Amino acid sequence: LFDGVYPFYLQQRKVAVFDVSSIIVIVVFLTFACSFLLIIPGIRGRARLYWTLRVLLSLLVGVVIVALQFTGDWETGWVTANTSYKSFSHALVNADIGLHVGLAGVNVTLMGNPVNQVNETIDYNEHFAWSFDADYDHSYSEGLERGLPSPILYVAEKFTTQSPCSMHRQYRISGHYASATLWVAFCTWLVSNMLFSMPVLVYGGYMLLVTGAFMIFSLLSFSTVRNTLVCPIQFGTEILHISYGGSFWLTLAIGLLCFVAGITVVALHYFSLDLLKTFFDLHEDKAEEHQEMTEVYVNAHFMNNGQ
């Protein structure tokens, strides 16, 4: 407080779940999808349906793998509580406090019930990053200097390096390994698409299995934070419990989709190769290569000379 006036600080520094990077990734992949839909009428017959399924499913896997790097809801939690709003003030507010954990940091949100209380608009969201090029403790110190609300600082303090909870180190390391394995999954996804464009479909299926495996590895890496004792985040009698969020379950779903698609391709290669080639629009080309000539034209002059 400065002569009874609350200090000014910025609001809405980062969206809790989606940020600009995620939107850019989605727009890029949507552009690819729309471009393909413009040329799909030029494909005739059942191949049009097969091409549509292959391309759209492939783009779905790719956009999810990349966008998950920037989402902030791998773990989420909400609690409604009566809590102090500012340091050195006895005023209590009723608010929703949210915690959103991503691979590169945490978002702490505070929304009043109602929004306008104690002559202020209580609607805040603060991001604290722990990526390699970011200093979490420095971001927390800046929050202290700007006079952020006490609930936000209380939750953010749990993830500082000086906190006895040791949550910062565990979340930071698990997030980095999960991010790295997702980038490897993106590379294997690119390789699988290149293999599917060549007559080596079974190897494309194998690479889809590898893609699904690395996505599952990212989940295993992130879930290691559950092996450590998490300090309770308590507001009076209410406790903020966190659980796996939408990004975690979306990664699991796409990983299982890659497994199903990969197993299907490999199984069709060994048990129904013609059906697999038809789906990838290779059956007709193969048939044309081995098509026997029905008519033969012989030059009588050369036949007579040969005799």
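Even glycines carry a Cβ here, placed using N, Cα and C.
Since we're looking at a predicted model, the values are computed, not measured.
Under the heading transmembrane segment, TrEMBL lists 20-39 (among others). Outside the transmembrane segment (20-39) by six or more residues, the chain places 55-56, 59, 62-63, 66-67, 69-71 with a CB less than 8 A from a CB of the stretch.
The annotation transmembrane segment is assigned in TrEMBL to 51-71 (among others).
Summarising the annotation, TrEMBL assigns transmembrane segment to 91-110 (among others).
The transmembrane segment annotation in TrEMBL covers 177-196 (among others).
Residues or ranges marked as transmembrane segment by TrEMBL: 202-225 (among others).
Look at TrEMBL and you will find 246-271 (among others) tagged as transmembrane segment.
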If we skip the immediate neighbours and take only residues 6+ beyond the ends of the transmembrane segment (177-196), which ones have a Cβ under 8 Å from one of its Cβ atoms?
54, 58, 61-62, 65-66, 68-69, 74, 103-104, 203-205, 207-208, 210-212, 214-215, 217-219, 221-222, 251, 280
